[in-house]
Amino acid sequence: MADSSEGPRAGPGEVAELPGDESGTPGGEAFPLSSLANLFEGEDGSLSPSPADASRPAGPGDGRPNLRMKFQGAFRKGVPNPIDLLESTLYESSVVPGPKKAPMDSLFDYGTYRHHSSDNKRWRKKIIEKQPQSPKAPAPQPPPILKVFNRPILFDIVSRGSTADLDGLLPFLLTHKKRLTDEEFREPSTGKTCLPKALLNLSNGRNDTIPVLLDIAERTGNMREFINSPFRDIYYRGQTALHIAIERRCKHYVELLVAQGADVHAQARGRFFQPKDEGGYFYFGELPLSLAACTNQPHIVNYLTENPHKKADMRRQDSRGNTVLHALVAIADNTRENTKFVTKMYDLLLLKCARLFPDSNLEAVLNNDGLSPLMMAAKTGKIGIFQHIIRREVTDEDTRHLSRKFKDWAYGPVYSSLYDLSSLDTCGEEASVLEILVYNSKIENRHEMLAVEPINELLRDKWRKFGAVSFYINVVSYLCAMVIFTLTAYYQPLEGTPPYPYRTTVDYLRLAGEVITLFTGVLFFFTNIKDLFMKKCPGVNSLFIDGSFQLLYFIYSVLVIVSAALYLAGIEAYLAVMVFALVLGWMNALYFTRGLKLTGTYSIMIQKILFKDLFRFLLVYLLFMIGYASALVSLLNPCANMKVCNEDQTNCTVPTYPSCRDSETFSTFLLDLFKLTIGMGDLEMLSSTKYPVVFIILLVTYIILTFVLLLNMLIALMGETVGQVSKESKHIWKLQWATTILDIERSFPVFLRKAFRSGEMVTVGKSSDGTPDRRWCFRVDEVNWSHWNQNLGIINEDPGKNETYQYYGFSHTVGRLRRDRWSSVVPRVVELNKNSNPDEVVVPLDSMGNPRCDGHQQGYPRKWRTDDAPL
């Protein structure tokens, strides 16, 4: 009896059927040609054997019908060689083709590796049917199915969020000793792994494959590398999965990543994350904490700074040296909604840093450009955050040292505030906010920022202390110098060669005038060299519009020095240079018109018309003149090389323009065209033209284009410029006035600057270490009718009292208060409210600290008051 464990045996001359081989291919023998005898019998659909055939043992001819049916189908389908079909069945691929294009951004075809176990099942079925009497042995376990994963497959799975398709990923990685951070699983263009891909494809804020991927990375031993794997392309370089989770506003994934070891100080430095003026799209400060702050996510900010795993350092700076406060200033855009969230986030971070790092002042950190957040707000024109910083008032005693505004005393709606002048007015020791606002012409709204308190009152105080007196002294001095220069030029000797001898009293007076003129020229030269080339932001616009007088003074000084050098060298051409300097010197006297409001805007109109309207007009007009002069001169008859004599042959002349065309006709004709433009020309040359009609047509079109069109366009443009300047005359004059004050202050030596410094040294409270907090502050008397009964954080309870008072156990001296301050406050209040609309309500910025517990939040109505109501 045959052993049941053996397969079917082949008889003599028969070919045994191999297990798992349905085609009946003989093993060890050549393929018989007689097997092709009945090739064309049957159809493709007749491959299924009958139940009787299936139950009988395999015989010697069982493989032939199968071959016959396969070859028959091959001929019907057009296969040229049936043997190729036979070989294709022997080596059939086990990879099932996938879809033509993978989802998302992949362009690769992919498939899944599968094992065909049906052959073994058929072989076992034949054995069981052949020997039914043997006991049924337990079926062997099939080999495990090993899936094949590559980048397109993996990215498709995580994009769909299908955790079931990731079942075979871990065995595949362990079997082939691979990791999810290998290059074959990264996007070639960006270096992106499957974790950022999953975070970018969330459904309702979730993607169930993310925890599975993290678990697989932990089992393969590269969890931190997998989480912190950054983008490597130039566009998104440095971005990690933590950045994406924060940007997607998924706090649960932020917590998961940080708990697993995500780098909370990773820096995204790609081109996409640069400022817009540098070709980027969204600059947020590179760091994850800055991204959470700039996208208004305080809950994530709190977690990053207070989590038990790895806290984000709020003092960390990016590649530009910017902290998270700098980043908030950078994204501010002066809109209401943006300013509201930026200021709240700014206060949150500032207070949190003060509690976590008491010895550090986050607001004092400078970036690579040497700018603090306050200076950066001033330089970029972010008036919302700028006003909030300089007027910040903290009521909490633990963080009161962060205040920049302190209420000294209050009486009804009137209160006196002390503003911290640190960084605002530095007396030349370092760059100040005031200088940035005045000299940086790139700030379009700087006149609005100069109106913010205490900047406005600070400029007034400087003008009262030294600005007005110094300005009028400069006016008188400059006018005297120009009169001396004029007299010196007028009384130049008419005979001889320079340098002229000095013999008489008049000669010695002329010598004194020349020395004074040369001294003023040298003084202006070095002064303007310092002003033009040592300013923080000169720029082209600053030089030719805002700094036009500095440039003109510099040119004037150069002309004076050159004229003096030519005079000493004995060259008579010094006189031509001197007269240009004389004209320019008198024109520069317009600089002093900015000291008066009546004439201040007039000089601004002249500057804008010269550098804007007139420049464009002259450019177009010059092109017209050259074109028409070339055409009209070509129509003139050339001059003959013969003399025209009268009858007596004694007075002979050579014909020249306008009777004909000679070598100097073009330059002379340009002057004639200019005369025609202003209505002073004549047509003497018309008689010497070849085609008078063409000549007249050209002249008429020239007059229409220049005299009628261009001149009227110039007048219209100048009128528009004057109208624009008139609308903003107050702001423009105030800006010029502020520039004049700072120019005068910068001309003083350091000791004079400190002597005329505005403000007073005041002890405003305690520092973070408990020592007295002494600051240089500037006092501003203000009035507020909307929140005037909430001044709970005042320093002095007696309004206008000039004495030493006690505050929390130690003395504080306000110092240098005017005794008549209270008497000066009431007229100031009346002035501020004289022209105001009764319906207008001034809403101040929210103070930092606990909400007020005061129930009386409104003042007296302005249309009535009680008998005991304060004035």
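In case you wondered, yes, glycine gets a Cβ from its N, Cα and C as well.
The membrane topology recorded in Swiss-Prot keeps Lys462 and Arg594 together on one side. Checking Swiss-Prot for region 'Interaction with calmodulin and ITPR3' across the ranges 72-91, 92-111, 292-311, 812-831 points to 812-831. Here the binding-site residues are Asn201, Gln239, and the one whose Cβ sees the fewest other Cβ atoms within 10 Å is Asn201. Long-range contacts of the repeat 'ANK 1' (237-266) within its own chain (CB-CB distance under 8 A, at least 6 residues past either end) are made by residues 195-196, 199-200, 202, 205, 210-211, 214, 218, 223-224, 227-231, 273, 286-289, 291-292, 295, 297, 299-300, 303-304, 307, 309-313, 316. The Cβ of Arg237 (ATP binding site) lies under 8 Å from the Cβ of Pro230, Phe231, Ala268, Arg269, Gly270, Arg271, each on the same chain and at least six residues away in sequence. Neighbour counts were taken as the number of other C-beta atoms within 10 angstroms of each residue's C-beta; across the binding-site residues Lys192, Lys197, Arg248, the minimum falls on Arg248. Cβ neighbour count for Tyr236 (ATP binding site) (all protein chains, 10 Å cutoff from its Cβ): 21. Binding residues for ATP (Lys192, Lys197, Asn201, Tyr236, Arg237, Gly238, Gln239, Arg248) extend across at most 20 Å, taking the greatest CA-CA distance. Remote same-chain partners of the repeat 'ANK 3' (369-398), defined as residues 6 or more beyond its termini with a Cβ less than 8 Å from a stretch Cβ, comprise 320-321, 323, 325-326, 328-330, 332-334, 338-339, 342-343, 346-347, 351, 355, 363, 404-407, 419, 423-424, 431, 433, 436-437, 440, 442-446, 448-449, 452-455, 537, 792-793, 844-845, 847-850.
If you look at the motif 'Selectivity filter' (679-682), the same-chain residues 6 or more away from its ends with a CB under 8 A from one of its CBs are 672-673, 707. With a cut-off of 8 Å between CB atoms and residues at least 6 apart in sequence, the same chain places Pro230, Phe231, Ala266, Gln267, Ala268, Arg269, Gly270, Phe273, Glu286 near Gly238 (ATP binding site), listed in sequence order.
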